[in-house]
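Report on one structure; see the data block that follows.
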Amino acid sequence: MDLGAITKYSALHAKPNGLILQYGTAGFRTKAEHLDHVMFRMGLLAVLRSKQTKSTIGVMVTASHNPEEDNGVKLVDPLGEMLAPSWEEHATCLANAEEQDMQRVLIDISEKEAVNLQQDAFVVIGRDTRPSSEKLSQSVIDGVTVLGGQFHDYGLLTTPQLHYMVYCRNTGGRYGKATIEGYYQKLSKAFVELTKQASCSGDEYRSLKVDCANGIGALKLREMEHYFSQGLSVQLFNDGSKGKLNHLCGADFVKSHQKPPQGMEIKSNERCCSFDGDADRIVYYYHDADGHFHLIDGDKIATLISSFLKELLVEIGESLNIGVVQTAYANGSSTRYLEEVMKVPVYCTKTGVKHLHHKAQEFDIGVYFEANGHGTALFSTAVEMKIKQSAEQLEDKKRKAAKMLENIIDLFNQAAGDAISDMLVIEAILALKGLTVQQWDALYTDLPNRQLKVQVADRRVISTTDAERQAVTPPGLQEAINDLVKKYKLSRAFVRPSGTEDVVRVYAEADSQESADHLAHEVSLAVFQLAGGIGERPQPVTNILTKRIN
């Protein structure tokens, strides 16, 4: 390790005084102008991680669904998964180190993790379409090269595509070719093979309107669409030609505002979906004949996918261990439908896709989606082998089902939640089952719900257990929530501290929207009183909504 060179280069990427950042579920995120030193240092860290694991490590420059002026960075571990928790701590420590402490922190990490500094290192880099991303990528490259690491800069990629590249490189090509062409071909071939099996279709001509959030998804979908066009026609909106990234469009906007993105006209019962800025989330929606908006979020996506997988397993006579992983935000109706109607076991984890991914790996087939539309299905290597053998050995009808399952496995980007991959899986299943978007939506009816947030002096006063569904501190808060919940039918509520700001997030659901709104407000008041609320007391939901509209 050439400490002199590191010190010299680090001075060119100096840390602003007093800036403290935390490596969270999605890595570092803040205003782009504050990130130069972080990018350089994550280049350094990626090299150390690569040396330690003797594998290719990925660095993705993106702030996902955040506004265009933000940016961020996250590291991708050898099998395309999120960075290991102990290395998240190293990332935070390195990003916040003052210039004079940089050398010591790097040596500490190397010693603590027993990094062989003579080992070769290889890092792959991708970036989204933000104006700041190209320059920040160069800062990552500076960090990689000063520590003697080799790198390949893929340039513009969706976040899931970078996860895919890392996974491919570390599995010797078994998972696929580590090129953008390889990604397009693998997914499209599986999609076209699957849709050939569709004997009928809920829609005579399969077309889909896609809101690309003015992000990287538009660029990549446009490059890819001719590969699968015989099975699906896509019409792109918010494609980046005008309009700001994630502004009044994208999956996060549609989910939180419960309305279509700007710039997309929707006729009744047209199937539409939205990606987020880096194309790792997807939600579907449509307008019914009366012009009412219907959102189909991650819960309904998980239900469609897991129930289809269960049907295929029953068809081929395989009793594999399948599980669906949700968070406390999953609508109660989806959990009941999966457990009681589909007989699929459901498990709950803390919020954050890394927690769901980790839990999903415990099953032969694990399906996980957050309500925001971030998710995928994971298949163990043993299951992949078993299905491939079944596709060759079984008699006709069973062989056809096994072949479908094999194509589904190829179609999922198992390394990460991937809006493009998920879109193709959903479209294939709807075609194979002959379902319209309305029929899919009608599988179950969501319980009305409301999410609010309460400003507090210090979010750390709230601690939770049971996958964030029960508050442990402050004393008396959970008891107060329990008493409030008893007042309403089919109700539940929970509170959890934000991971990034001093606010407490409140979730409530009940048998009517009015009840859900009342319950959310009453729980907010309890949080305000017992957890050190600051500013204005929580207002009834009707007041908040009126203020927003005006």
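Just so you know, glycine gets a Cβ as well, placed from its N, Cα and C.
TrEMBL labels come from automatic prediction, so no person has curated them.
Bear in mind that the values here come from a model prediction, so they are computed numbers and not experimental data.
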Per TrEMBL, the coiled coil among 219-246, 331-358, 387-414, 443-470 spans residues 387-414
Within 10 A of the CB of Asp278 (Mg(2+) binding site), the number of other CB atoms across every chain shown is 33
Here the binding-site residues are Pro497, Gly499; the one whose Cβ sees the most other Cβ atoms within 10 Å is Pro497
Grouping DSSP H, G, I as helix and E, B as strand, the residues of the domain 'Phosphoacetylglucosamine mutase AMG1' (297-434) number 81 helix, 20 strand, 37 coil
For Pro497 (substrate binding site) and Asp280 (Mg(2+) binding site), the CA-to-CA distance in whole Å is 24
By Cα geometry, the one of the recorded positions (Ser64, Asp276, Asp278) nearest Asn372 (substrate binding site) is Asp276
Listed in sequence order, the recorded positions within 10 angstroms (C-alpha to C-alpha) of Asp280 (Mg(2+) binding site) out of Ser64, Glu370, Gly499, Arg505 are Ser64
For Ser64 (active site, phosphoserine intermediate), the same-chain residues 6+ apart in sequence with C-beta under 8 angstroms from its C-beta are Ala26, Arg29, Gly72, Thr159, Asp276, Gly277, Asp278, Asp280, Arg281
